[in-house]
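One structure below.
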Protein chains: 2
Amino acid sequence: MRVLGIDPGLTRCGAGIVETTGRGGRQLRLVHVGVVRTPANDDVATRLLAVAEHVEALLDEHRPDQLALERMFNRHNVSTIMGTAQAAGVVAVAAARRGIPVAWHTPTEVKAAVSGNGAADKQQVATMVTKLLKLDAQPRPADAADALALAICQLWRGPLAARLAAKGAGRSAGQQHYPAATGRPRRVAGLTVTGFGAGARG
Amino acid sequence: MRVLGIDPGLTRCGAGIVETTGRGGRQLRLVHVGVVRTPANDDVATRLLAVAEHVEALLDEHRPDQLALERMFNRHNVSTIMGTAQAAGVVAVAAARRGIPVAWHTPTEVKAAVSGNGAADKQQVATMVTKLLKLDAQPRPADAADALALAICQLWRGPLAARLAAKGAGRSAGQQHYPAATGRPRRVAGLTVTGFGAGARG
């Protein structure tokens, strides 16, 4: 299973690809990490196109099974969120056009998935991503680490979310698209999780 | 000059194409009007793809010179604005990919352009659009009329905005892309407007 995580944005858009390896898919491997930057004085459409073309190239080169995006909420200011939301839409369409399912995770979900603490700060997330992927150095800038964390979150939480959604306990169906859960159930942090990788968390 | 106006959204996305005709381009002509609807229980990426494909088909069939989109502001609620912003991003990229300039107008600018009153209600805007385009009946639903109003706004205000921007009096360059002003200046509502169609306003 291979997931492309995207931390969407116009100034910096983080992209990280992680795949599961090993028996039962419990180990994580870094496939790609990078950041797209677009010039602030270009017009928005041109900047969005640059993001789209970069993500399309990653999808075509690395052929991920799923794409994970940050789900934004009311905490953000509308003026700062617009470019982010526009970029997220563009990225989601690039995946949909290729038949790649798109999953959305809140920052809290991502932080909880990689560090066990939904209130973790960026440094803690970056430290855990570095450790989980056995990297020599922390991915920089923070957007790159966040994108990898999103991918890891989807690898671990996706199957759980699919189970919850199937039980009618998930969030609105219109905002999510998860693959069917696979693997045998395991218990993590009080929740029954099915699928790959959850055991590698502790 | 032909403009595709898009009132972005997932539930309903209005699309209207208007062109200027006649001597000096003072008359307006309806080229196309329609609305794309996407099912609320489809996942967001699939809905965004449906919007993208519809707009791409319009761009390829009608080959507009410019695309006009609604610029959103803080008045909106973040939860309702997300799908709209995502759809706007997707539409902007479809235009940018084809080298078509994208202009953004606030609802106030659009209302002022077509009705002379920035606080006009939806009915007044629809009435003016119907009159300006010499239609037999009002475009329905409201999203369709709004898309046509956006196109008319760009046909009339685009050249003015380009002049203001050239003087350094415009809004942030990153949010706009206007073609060079054309035609001779004319005075409308206290502002000197260059270009096509402004005389048809009264």
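Glycine is treated like the rest: Cβ placed from N, Cα and C.
As given in TrEMBL:
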- A:Asp7: active site (ACT_SITE)
- A:Asp7, A:Asp143: Mg(2+) 1 binding site (BINDING)
- A:Glu70: active site (ACT_SITE)
- A:Glu70: Mg(2+) 2 binding site (BINDING)
- A:Asp143: active site (ACT_SITE)
Query raised in the report: If you count other Cβ atoms within 10 Å of each one's Cβ, which of the recorded positions A:Asp7, A:Glu70, A:Asp143 has the most?
Result: A:Asp7
Query raised in the report: At the Cα level, what's the spacing in Å between A:Asp143 (Mg(2+) 1 binding site) and A:Asp7 (active site), rounded?
Result: 6
Query raised in the report: If you measure A:Glu70 (active site) to A:Asp7 (active site) at Cα, how many Å is it?
Result: 6
Query - Helix, strand or coil at A:Asp7 (active site) [DSSP, three-state] - result: strand
